[in-house]
Amino acid sequence: MNEFMKKFSLTKPIIQAPMAGGITKPRLASAVSNQGALGSLASGYLTPDLLEQQIKEIFELTDAPFQINVFVPLGLEMPPKDQIKKWKENIPLANQVNQFTSVQEEWDDFYQKIDLILKYKVKACSFTFDLPPEDAVKELKTAGCCLIGTASTVEEALLMEERGMDIVVLQGSEAGGHRGAFLPSKGESAVGLMALIPQAADALSVPVIAAGGMIDHRGVKAALTLGAQGVQIGSAFLICHESNAHPVHKQKILEANEADTKLTTLFSGKEARGIVNKWMEENEQFETQTLPYPYQNTLTKAMRQKASLQNNHDQMSLWAGQGIRSLTEEISVKQLLNQLCQEDIKI
C-alpha cells in the first residue's frame, strides 16, 4: 500500500474525478468510496446551501473518506461590453443574461465552501483552475484536511507542491472536461499523460495521481508503473448506473471514439475536452474570440439547459476524454472498479 492509499485507507488506487454540473452527486461518490476508492463531490456551480445538503447526504450513505473539489476563482474582470454584445447575439438565449457574478461574489462563494469543508471535517479538498489562496491552505491543513492540487505540466505541479498540496493530480491532455492548466501556455503545450507522469514523479516529493484517457486496468497499470501512486478517472464513471449524467450524454459517449473529441473554449471560455457537436462545428472559427471563464459559461448556460431538457445533443457540453472507444456499456461502480483493479495491478 503506497502513501496515497494509506492517507485514506483505500483498497483501490482510484479517484473518481469530481465532474461538475450535477454529474457527481452523493450517490456516485458514496458508491465509489464504499468500494475502497476515493469518491468525489464537485462543488463547482453549486451554491453553498446545495453543497451543504450534498455533504449531509453523502455522510448518510458512507462512512468512508471522500473529497470535495473547489474551483479557485480566476479573478478576471468583466470583458468589454462590445464583446459581450457580440456573443449575446450569437448564443441562443444569451440575451436573458442581465448581469454576471462579480469577482467578489466568486471569492465569497469560494470561502463559504471552504468553511463547509471545515465544518463537516471532510477528509480531502481538491482545487482546480489555479493555486488556492494561502489563507485557505493554512486553515485546511491546520484542520487536518488532505489537500489535492491539479496540474497539467511539471512546472504547475511544482507550484502546487510549493503551495502546500499533499497530493498533485497530473492532468494529461487526453482528459475530458475542463483543463486544470493555470499558467500561460506557450503555443500548443498540452502535455500527454504518459510523458507527464515520470517527469513529475521525479520532480515532486509528494504523491502524484494520473488523470486523462484511462479507461481500463491496462491504463491503471501503466500509470502506476510510470510513477503515479493512483489514477483519477472521469468518463468511465460518468456512464455508470450511479452517475447523474444526462442519458443523452451517456449515450453519446458509448457511441463515440477517440477521434470524436476535441478541446474547445466555446461553452465556457476555458479549454475543455468534449465530443464534437453541431454547436462546436458551427462556431469553430470563434474559438480564439470567446469571453474568458466564467463569462462565456454564463452566456451559454440557458442554451445548454434548454438543450438538456429537449435531449438535444447538438447544444450540450458533452465532456469526455480520449479513451472512450473502450466504453461500450453502462455498468455499476462496483463492476467498473473490479475491472480497473484486476489482480495483476501491483501497488
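Backbone N, Cα and C atoms are what each Cβ position is placed from, and that goes for glycine too.
Residues ASN69, GLN171, GLY176, GLN232, ILE233, GLY234, SER235 are recorded by Swiss-Prot as FMN binders, and the candidate that the same record lists for that site, out of GLY144, GLY164, GLY213, is GLY213. Under DSSP, GLY213 (FMN binding site) is assigned to coil, being neither helix nor strand in the three-state scheme. Of all the binding-site residues listed here (GLN171, GLN232), it is GLN232 whose C-beta has the fewest other C-beta atoms within 10 angstroms.
GLY176 (FMN binding site) falls outside any helix or strand according to DSSP and counts as coil. The Cβ neighbour count for GLY213 (FMN binding site), using a 10 Å radius over every protein chain in view, is 25.
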